[in-house]
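The compositional bias 'Polar residues' annotation in Swiss-Prot covers 1-21. The region 'Disordered' annotation in Swiss-Prot covers 1-37. According to Swiss-Prot, the feature topological domain 'Cytoplasmic' maps to 1-38. The compositional bias 'Basic and acidic residues' feature in Swiss-Prot is assigned to 22-35. According to Swiss-Prot, the feature transmembrane segment maps to 39-59, 72-92, 125-145, 229-249, 258-278, 307-327, 341-361, 401-421, 441-461, 474-494, 516-536, 552-572. The N-linked glycosylation site annotation in Swiss-Prot covers Asn181, Asn190, Asn198 and is backed by sequence analysis.
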Amino acid sequence: MELKNIEQQPQLQNGNGTATENNEKGEQKPTEGGERTNWGNGLEFLMSCISVSVGLGNVWRFPFTAYENGGGAFLIPYIIVLFLIGKPMYYLEMIIGQFTSQGSVKIWSICPSFLGVGYGQAFATVCIISYYSSLLALTLYYLFVSFQSVLPWSYCRDEWTNCVNSRPEDYSSTMLEAARNATSSLLIGNETTSLADNDSVQLQSSSELYFLNVVIKEKLDISDGVGAPDWKLTLALLVSWIVTFLVIMRGVKSSGKAAYFLAIFPYVVLFVLLGRAVTLEGAVDGIIFFLQPQWGELLNPTVWKEAVVQCFFSLAVSCGPIIMFASYNRFDHSIYRDAMIVTTLDTLTSLLGGITIFAILGNLAHNLQVDNIREVVRSGTGLAFISYPDAISKFQAVPQLFSVLFFFMLFVLGIGSIVALQSTIVTIICDQFKSWKYWKVALVTSICGFLLGLVYVTPGGQWILTLVDFYGGTYVVFILAIFELAGIVWIYGLQNFCDDIEFMCNKRVSLYWRVCWSFFTPVMMIIIFIYSMATIEPLKYSDLYFPLAGDIAGWIVFAIGTAQFPLWGIWYISHHRNGNLWQSFVSCLKPNENWGPANPETKQAWLLFKSEKARQRASKTQSSKMGQFWQKVGNFCGSST
């Protein structure tokens, strides 16, 4: 595919221009013109990628997803999906960001009519940011109350019927008391219904009732609205956004330094919790329960779909952070090594988090004298703010300390993720308006993020969170990831893309990457997306269906996100007419003059490199039909021959 309106210049000797000029300590400098700052060093980039990819999804989402989809058997489809979809997408986004030194919208100079993919991903990122900050608020709330002499969720309030104290020393007595209260509540006239014979009566732990009644003040019906924001959670939300702003206000200069702590500290706490968890009674049963494979689930297409969703959620691909982080690299940074480290570490952390969490849940089941651990397992926010606190309150030694460590770890994990997501939006805006100050854009977007987050700290906030995550996050991200891959690999061309990688990394692209990008990754994603849409069911929260208005609102959110792709494509074609409509359409599928390395001298060398590659291929083209056939196969697979 040819480049339009770009004059070819003589090649530089090193092929990388001033991008390779570094000081003796390996510090990375901005490109000429000061248009883009670089990371202080390569380790800051690696730590930043770890902090966003190793996040809340590893600690509470992966364990439950694995448990629900075959236990240990889930690891097989997850690892297969990781190698065929996760790693290829992650590496592709790192490459495209570093090669162009642009954010997730500006990179689409590679295929201008696909500009809407970048804006659609930005919309999905805003949706994720809006509810992610509310999870930070909940985490911060629990962190603050953990400093009390008695953990507030460990005991029942007088007004809570059918409540069981979470404190182990109170369990036996409160269990009997709760049973008596439940039985007495079933008295109807002179008739008494036995508790044992009534399945509708369910005992609840004090940690569950504390979360539902005290923290979020849950509404089970939002037909009359979601209610007003809770002032305590609003304050926690404000603190979360202040911390986020302070981390990102100076761009990679500040976030790069914070990344060391954001990436390393959670591992320290996770290993401390693991050491404590495996020594608890019942921990082994919990770990076995987590890892024990259910082989029959491997034939369930839903398991493979969940593996893909978990992979995307965990690695943060197709949302913009990976492209954004890589865009601040030197042009010749060793990106392959970092991609392999992060994707491998992400998987190992998920396993570590799963073992730790289910060891704690095994102890919880042991203390509650429950044979089936399924009865103490919850998903999503329930797992983080009900099951974990309930288990921690049963620790015999200083439960407050472990509670503080655990929720501070969750807060740090969340900050690492939201810093990356928020920086993505700020970078997109600053790339569009280069005269705008980075810190001012960061401040305004942080204020907007806080205002958007207020809806999630209302009594009906968990309903909205479920809705936005499902329609505005998961499905929008997934479908745009397919278009992202198609635009780069199928429209721009895998051969062109592999040439760009060879120029930047100074080595050929392996067959594994070429086959994944050209065939396995897009085909698997398309099949899984079609299956997901064909089997989609009405959305529920806490086993309750959303009202019709909620479903309509969700589909509107989905439509807004996905409509960015065709709408921006139409806009670009209409503003860049080149002949008739068909000629304009074809022209807008080709890279424009902005595509290529950001450094002018590097770009000159790249253009000559591409011309030489084209000349070599032309000279090797065979005249026979068989030769032409294999030449087409090579082009499709990105072969440089």
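Cβ atoms are placed via backbone N, Cα and C, with glycine included.
Residues 65-66, 290-295, 297-298, 303-304, 306-308, 310-312, 315, 317-318, 322, 335-336, 339-340, 342-343, 347, 351, 481, 485, 488, 513, 516-517, 520-521, 524-525 of the same chain, all 6+ positions outside the transmembrane segment (72-92), place their C-beta atoms under 8 angstroms from a C-beta of that stretch. The stretch in 125-145, 401-421, 474-494 that contributes the largest number of Cβ pairs under 8 Å to the transmembrane segment (229-249) is 125-145.
Within the same chain, residues 26-28, 135, 252-253, 255-257, 259-260, 262-264, 266, 270, 310, 313-316, 321-322, 325-326, 328-330, 333-334, 338, 341-343, 345-346, 349-350, 353, 357, 384, 409-410, 413-414, 416-417, 419-421 sit at least 6 positions outside the transmembrane segment (39-59) and bring their C-beta atoms closer than 8 Å to a C-beta of that stretch. The stretches the transmembrane segment (341-361) and the transmembrane segment (258-278) are in mutual contact, each linked to the other by at least three Cβ pairs under 8 Å (pairs 6 or more apart in sequence). If you look at the transmembrane segment (552-572) against the transmembrane segment (474-494), you find at least three C-beta pairs under 8 angstroms, all six or more positions apart, and that counts as contact. When each of the listed stretches 125-145, 258-278, 401-421, 516-536 is scored by C-beta pairs under 8 angstroms to the transmembrane segment (307-327), 401-421 comes out highest.
When each of 125-145, 401-421, 474-494 is checked for Cβ pairs under 8 Å to the transmembrane segment (258-278), 401-421 comes out on top. Within the chain, the transmembrane segment (474-494) has long-range Cβ neighbours (under 8 A, six or more residues past its boundaries) at 1, 89, 92, 96, 108, 110-111, 114, 117, 120-121, 123-124, 127, 308-309, 312-313, 317-319, 514, 517-518, 521-522, 525-526, 529, 532, 557-558, 561-562, 565, 589, 591, 635-638. Along the topological domain 'Cytoplasmic' (1-38), the predicted structure has mean pLDDT 44.
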